[in-house]
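Reading through the structure tokens given below for one structure.
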Amino acid sequence: MASSFSLAFLMLFATIACAELSSTFYDNSCPQALHTIKLAVNSAVRKELRMGASLLRLHFHDCFVNGCDGSVLLDDTSTFTGEQSATPNKNSLRGFDVIDTIKSKVESECKQVVSCADILAVAARDSVVALGGPSWTVQLGRRDATSASLSAANTDIPSPLLDLSDLITAFSNKGLSTTDMIALSGAHTIGQARCISFRKRVYNESNIETSFASTSQSNCPASSDGDDNLAPLDANSSTFFDTCYYKNLANQKGLLHSDQQLYSGGSADSLVSSYSTNTAKFFNDFAAAMVNMGNISPLTGSDGEIRTNCRKTN
């Protein structure tokens, strides 16, 4: 009886252990994986600095829709509609070709071992580092989804029009704290936004610095023309990962409504002020928040699959 109990306990423990992510997951099965991903990311970012922000955003939009499972990478087919045509993603998400290149290189190292979901997580970290930001230990062992959800992409990815309370709720729904939300928003220290995302703010809101509003309007017509015109989320240093994003918020120079909500007389003001003058604190909190986000509902063990092509199921 005792031996049967012990065996059952060991089997349960093995199942639980198998379901956990680990920073050493590929140490034996694909020891060159992380190095291969890093080289490819560095090459892509050198070619186009904006790509760092694009790869980071891919991971974010993946994790917020049914967990970090690579579902965002699945292309539409005649019988399947994925997440790329969702409102937050359409004509906006980019970097898929870079992920294809990375996947091809990793597959050459070790066939059907490293998941697309893990490639997204590692590429996000390496992108931040390439642009001068913090590093962190990426937990690994995610597997790839065999489906995607257009509806969840439309509802679960936080809108740039959200107020502070709704931002807090959207992140809390994914198991992320308010500190995580404020720190992860600091990813907007790099990258660009489309006119359609900030038009209402720069024309209609009062808590915006006058000259910044005028500059933003010059590239974003009040009419529906120019929806895809781009502006830097951080006008000071959009290709360098720093604390200027938070300094901008303190000066009412947040490009998106959701950005400026973090510094609008509410509960987030004090942390924004702290980050604006304390790079080490921001970097530490951002790194911790990225690990937390990367832990959202991963597929592990025998769930999902390891895709050979990130754009389609096996």
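Cβ atoms are placed via backbone N, Cα and C, with glycine included.
Whatever TrEMBL says is automated annotation, not expert-curated.
Using a 10 Å radius centred on the Cβ of HIS61 (active site, proton acceptor) and all shown protein chains, the other Cβ atoms total 22. Residues annotated as active site, proton acceptor in TrEMBL: HIS61.
Marked as Ca(2+) 1 binding site by TrEMBL: ASP62, VAL65, GLY67, ASP69, SER71, GLU83.
PRO158 (substrate binding site) has a Cβ environment of 20 other Cβ atoms inside 10 Å. Per TrEMBL, substrate binding site is recorded for PRO158.
Per TrEMBL, heme b binding site is recorded for HIS188. Its own atom aside, the Cβ of HIS188 (heme b binding site) has 26 Cβ atoms within 10 angstroms in the protein chains shown.
Residues or ranges marked as Ca(2+) 2 binding site by TrEMBL: THR189, ASP234, ASP242.
Per TrEMBL, disulfide bond is recorded for CYS30-CYS110 (among others).
According to TrEMBL, the feature disulfide bond maps to CYS63-CYS68 (among others).
Listed in sequence order, GLY70, LEU73, PHE96, ILE99, ASP100, LYS103, CYS116, ILE119, ASP144 are the same-chain residues six or more apart from CYS310 (disulfide bond) with CB atoms under 8 A from its CB. TrEMBL lists CYS116-CYS310 (among others) with the feature disulfide bond.
Taken from TrEMBL, the feature disulfide bond covers CYS195-CYS220 (among others). Under a cutoff of 8 A between CB atoms, and with a sequence separation of 6+ in the same chain, the neighbours of CYS220 (disulfide bond) are CYS195, PHE198, ARG199, VAL202, GLY226, ASN229, ALA231.
Per TrEMBL, the feature domain 'Plant heme peroxidase family profile' maps to 20-314.
Per TrEMBL, signal peptide is recorded for 1-19.
What TrEMBL records for ARG57 is site 'Transition state stabilizer'. Within 10 Å of the C-beta of ARG57 (site 'Transition state stabilizer') there are 23 other C-beta atoms, taking all protein chains into account.
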Sequence-distant neighbours of ASP69 (Ca(2+) 1 binding site) in its chain (C-beta under 8 A, six or more apart): ASP62, ALA117, ARG142, ARG143, ASP144, ALA145, SER297, PRO298, LEU299, GLY304
Near-site residues: Ca(2+) 1, ref ASP62, VAL65, GLY67, ASP69, SER71, GLU83, CB cutoff 8 A to centroid: HIS61, CYS63, PHE64, ASN66, CYS68, GLY70, VAL72, ALA145, ALA148, SER149, ALA152, ALA153
PRO158 (substrate binding site) versus HIS188 (heme b binding site) - Cα distance in angstrom: 14
In the chain carrying VAL65 (Ca(2+) 1 binding site), residues 6 or more apart in sequence that have Cβ under 8 angstroms from it: SER71, VAL72, GLU83, ALA148, SER149, ALA152, ALA153, ASP156, ILE157
ARG57 (site 'Transition state stabilizer') versus THR189 (Ca(2+) 2 binding site) - Cα distance in angstrom: 12
Cβ-centroid neighbourhood (8 Å) of the Ca(2+) 2 site, THR189, ASP234, ASP242 excluded: GLY186, HIS188, ILE190, ASN236, SER237, SER238, PHE240, PHE241, THR243, CYS244, TYR245
Cα proximity to CYS63 (disulfide bond), best match among binding-site residues PRO158, ASP234, ASP242: PRO158
